[in-house]
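Asker: Copied straight from TrEMBL:
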type	residues	note
COMPBIAS	A:1-10	compositional bias 'Polar residues'
REGION	A:1-21	region 'Disordered'
TRANSMEM	A:24-48	transmembrane segment
TRANSMEM	A:60-80	transmembrane segment
TRANSMEM	A:110-134	transmembrane segment
TRANSMEM	A:180-201	transmembrane segment
TRANSMEM	A:230-251	transmembrane segment
Amino acid sequence: MTTATTSPAETEQAPPGARKRSPLAALGGQNLSLIGALVVVLGLFGALNENYLSLSNLQVIAEAATITGLLAVVQTVVIICGGLDISVGSQVGVASVVSAMVFTGTGSSAFVGVLAAVGAGVLVGVLNGLVIVYGRVNPTIATLAGLAAYKGLAQLLSDGRAQGYVLNDPVFVFLGRGKIAGLPVMVWILIVVAIAVHVMLGYTDIGRNLYAIGGNDTAARLAGININKYLVAVYALIGVVAAVAGILLTARTGSGQPVSGSEGLELKAITAAALGGCALKGGKGGVGGTLLAVALLGALENGLTVEGINTFWQNVAQGVLLVAAVVIQQRRNGERAVGLPH
Amino acid sequence: MTTPGTPPPTQATPGVGVAVENVTKRFGAVQALSGVTLAFRPGQVTALMGENGAGKSTLLKILTGDHQPTEGRVLLAGAPVSFASPHDARRAGIRIIPQEPEIIPHVSVAENVYAGSLPRTTGRRLDRAELRRRITSDLARLGFEKVIDPDQLGSELTPAQRQLVEILRALTGDAKIIAFDEPTSSLAENEAEALFALIDRLRAQGIAIIYVSHRMKEIFRLADRIAVLRDGSSAGVLDATETTESEVVRMMVGRDLSSFFVRQDVARDDVVLELDGVTTDDVTDISLRIRAGEVVALAGLMGAGRSELGLALAGDRPLRSGRIALNGRPLRLRGPKDAIRAGIGLAPEERKAQALFLHRSIRDNTSLVSLERLRRMRFVRRGRERAAAQDFSDRLRVRTPSIEHEVRKLSGGNQQKVVLARWLLRRPKVLILDEPTRGIDIGARAEIYRIIADLARDGVALLVISSELPEVLGLADRIVVMQGGRVTGELGRAEATEEAILHLAMADDLAPLDPARAAARPRTDSAPGGPR
């Protein structure tokens with residue numbers, strides 16, 4: 001054969017693309033388009049309404065986006081490892097009610113109220129994880145069930161009404177209204193959580209393993225990663241962060257809210273993660289893109305409100321954005337349009 | 001024996017029949033077929049043989065419109081055709097019976113057969129009377145009334161009946177060419193005999209039949225002609241009545257790979273890995289020993305349980321009974337992590353599906369199982385990680401401009417080197433390599449053989465699972481042959497020949513087949529972790 005005479009020297013081409021990366025390219029195309037969209041939205045509404053870009057309105061946008069942002073950050077984590085959690089909104093409701101009711105029940109102890117809410121969050125999150133991993137229930141279905149069940153739980157606990165009054169307590173007032181260095185405390189909490197999650201994803205072996213699980217679970221398993229443990233822990237983390245969001249909701253509104261204020265948050269969180277570049281199949285995504293998408297969604301929502309556009313349209317806009325984000329993603333992956341998508 | 005290129009298929013196939021002429025198919029850097037010319041004539045069974053990776057599947061896919069040839073053309077009844085899709089090929093009368101039948105579980109056999117072209121009444125409702133008439137006449141025509149009930153549900157069918165559904169599907173409409181891809185791999189012997197009788201009948205009806213199989217006995221039972229592919233080229237076409245098994249084997253193997261293998265005797269006396277009566281769901285009573293620096297090859301046909309044994313040693317399949325010991329200490333493997341910690345590594349059979357994270361960098365893929373050693377607190381020490389990944393990437397000569405490149409952009413050979421780099425960085429005591437050179441070009445192959453030799457010199461105990469006999473013969477100090485989940489024999493380097501290995505690998509084929517074992521086929525993979 002002819003191959004016998006040629007030495008086993010490699011003839012294939014080295015893959016192209018060894019260029020030095022410019023700082024702009026390092027940011028990523030996805031993030032650049034998000035920044036572009038954000039500039040367009042801010043510019044558009046700023047031109048339509050002079051108050052839109054005022055400091056006080058920007059602060060309103062930031063505060064309104066905080067709870068969504070917290071949920072979107074943890075949604076990013078679960079999507080990276082190939083799962084999904086659509087029960088986050090209901091979890092916020094449970095935590096909000098628990099924090100207010102325990103606060104009232106223990107004679108105005110904010111500390112115990114906060115602790116109880118976080119405990120409830122852990123329980124609910126671990127339950128989600130166990131049902132998914134050991135019950136072998138698809139994450140979408142399992143957390144869809146959670147969406148209904150936890151909402152019902154919050155309503156049962158609270159009898160369907162707002163519970164307690166917390167704004168006589170300095171801790172809650174500080175969480176809901178306080179400022180540090182000119183920025184609302186709520187926004188600081190989001191910043192801290194986002195940085196912590198970003199560091200975990202990018203700089204620790206935990207993050208590597210999460211990306212591995214979402215990228216190829218068989219390979220992750222054979223590489224000795226305890227997938228079950230990681231998945232349960234991720235859902236528990238969601239429970240904790242959702243509880244923090246619930247506590248902030250209580251602090252902002254002054255009382256425990258079973259449904260109002262938390263309904264529909266799952267849609268916002270998932271939309272933000274998808275717009276931010278998370279592959280819904282798992283293995284790809286990051287906190288930076290998600291936060292940009294949260295800012296974009298927040299700016300858009302506020303702009304539409306300021307312009308007096310019917311809030312029903314905002315729901316339509318959100319649905320459209322979610323579908324558009326995924327369609328673009330699938331196009332980039334070169335998915336063949338045959339049958340149900342994977 | 002004829003040489004490729006002669007005689008021209010256009011002359012050889014008047015009337016119906018299909019031929020490929022100078023067909024070449026490239027996938028990126030991989031040349032799957034080069035200049036293949038073959039004719040499949042009506043009323044004849046042409047067996048298509050070749051080692052794994054010789055190009056049989058690619059050729060079938062070109063005939064059925066799944067792939068388009070890079071060069072060359074397909075001739076149908078002497079006229080060139082170009083199939084844009086499997087649908088086109090089907091309309092032209094070309095059918096393939098896939099290895100794993102696609103059966104819709106919750107509908108009847110009759111609806112399974114006619115799925116996609118169900119008869120219906122004017123009101124667009126299913127015309128059950130017409131469907132029944134058609135399926136009854138099909139079954140009568142083929143003589144299968146007693147074998148399968150048209151009202152049975154897809155989920156209730158035996159492997160043979162499932163195959164039959166695919167055959168019935170293939171025969172609807174006007175089939176001129178039917179290709180069978182290893183049809184007997186899931187059949188018991190009596191079922192296989194029924195299939196052969198059917199193929200005889202189809203041949204008598206003037207259908208051109210392409211029959212892909214590794215089983216010599218079947219080939220000589222059925223085939224009129226035997227076409228042999230080797231490394232993507234046609235090695236020749238033999239008349240089945242005038243040839244012998246050993247001539248076919250010689251033609252399949254053909255090339256002289258021996259120059260690529262590094263002959264050395266570095267095995268030491270200390271036994272590293274010791275299996276004693278290891279039994280899992282897929283393998284039974286496996287006992288073997290591997291010494292430091294020894295290369296043991298695990299040979300056998302596909303489905304012999306070799307990969308499953310590899311997975312069991314990597315901690316991914318629970319032991320039913322038996323014992324695994326490493327350096328004399330018994331191991332209890334509750335999962336892959338235990339195996340990795342103990343010093344056992346596995347480069348699995350399907351590197352893309354089971355080993356690689358295609359969207360992550362070479363660095364990430366290399367360091368993954370060694371992160372425990374590359375971290376402080378839980379933080380990955382990036383500098384060390386990068387240095388280690390770069391070092392092994394260089395040593396294994398991974399062709400890439402940077403270790404930050406995504407692994408999916410690499411060629412198969414370089415991807416395999418990344419998998420090896422992952423384990424080299426971990427420094428295992430035992431390394432299991434499952435089909436380490438599958439789908440890899442000859443140059444990268446030689447490099448992988450060199451890496452294996454280096455590992456042996458460093459005292460690693462190596463278990464190489466391979467379906468390629470020249471590779472098995474060239475690499476191994478000792479060859480263990482498996483079939484049906486059991487070890488059927490062991491050969492030392494001196495006594496090992498391809499014939500001896502094949503004989504042991506097909507031992508059961510020669511003896512009467514145990515139908516119970518054929519029915520209880522090993523199930524594949526139910527992964528823990530998140531369902532999706």
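Cβ coordinates are placed from backbone N, Cα and C, and glycine is handled just like the others.
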Asker: As a test: from A:24-48, A:60-80, A:110-134, pick the stretch that has the greatest number of Cβ pairs under 8 Å with the transmembrane segment (A:180-201).
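Answerer: The stretch with the most contacts is A:60-80.
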Asker: Can you tell me which parts of the same chain pack against the transmembrane segment (A:110-134), counting only residues 6+ beyond its ends and a CB-CB cutoff under 8 A?
Answerer: 83, 85, 87, 91, 94-96, 98-100, 102-103, 142-143, 145-146, 150, 166, 169-172, 228, 231-244, 246-247, 250
Asker: So if I exclude everything within five residues of the ends of the transmembrane segment (A:24-48), which remaining residues of that chain have a CB under 8 angstroms from its CBs? That is, six or more out.
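Answerer: Same-chain contacts beyond the ends: 275-277, 288-289, 292-293, 295-296, 299-300, 302-303, 306-307.
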Asker: Using a Cβ-Cβ cut-off of under 8 Å, list the residues of the same chain that are 6+ residues beyond the ends of the transmembrane segment (A:60-80) and lie near it.
Answerer: 88-89, 92, 139, 183-184, 186-187, 189-190, 193-194, 197, 201, 210-211, 214, 234-235, 237-238, 241-242, 244-245, 248-249, 252, 261, 265-266, 268-270, 272-274, 276, 278-280, 282-287, 290-291, 293-295, 297-299, 301-302
